[in-house]
Amino acid sequence: MSVEVTVEIPKGSRNKYEIDHETGKVYLDRYLFTPMAYPLDYGFIDHTLGEDGDPMDALVILPESVFPNVIVKSRVIGVFKMTDEAGGDDKLLAVLDDPRYDHIQDISDVSDFLKDEIEHFFVHYKDLEKGKHVDGSGWGDKAEAEQILADSIERYKA
């Protein structure tokens, strides 16, 4: 399934940016408390609503990071299932919609190392923030990710 991911945070950043959905302005929400950086470009998919009340989160595999507020045409290939202090907070995994990534069609095509890196980041990036926690519950394949995305689109429309 093709989607447009609006990147909020580039790979390698410890700055947690948030885009105001009404104004389009990019705000620095916080500098991560843990000495960790985002493992991939991270953002959201417009016109969706996750279980946490925000647009669906997505990470994008790219050859080079982009800037905050850049829209990346991507394909959803899997999902990291997790909850945090606010409830369900799944992270869709996508790849740039580009022939260089035709070999990545499903989560099984992604290296175990990259999946472990993503999981480690999200399970631990809030460790030093009081009152916050993350519980990871593993990876879902493309079909599960697409169902979660479809559900988030329906939630947005309701």
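Any Cβ shown, glycine's included, is placed from N, Cα and C.
Among D20, D89, D97, only D89 appears in Swiss-Prot as part of the Mg(2+) 1 site alongside D52, D57. Neighbour counts were taken at the CB atom with a 10 A radius for the binding-site residues E8, D84; the maximum falls on E8. Highest local Cβ density among the binding-site residues Y42, Y125 belongs to Y42, counted as other Cβ atoms within 10 Å over all protein chains shown.
For Y125 (substrate binding site) paired with D84 (Mg(2+) 3 binding site), the C-alpha to C-alpha distance reads 11 Å. Separating the Cα atoms of K16 (substrate binding site) and D57 (Mg(2+) 2 binding site) is a whole-number distance of 13 Å.
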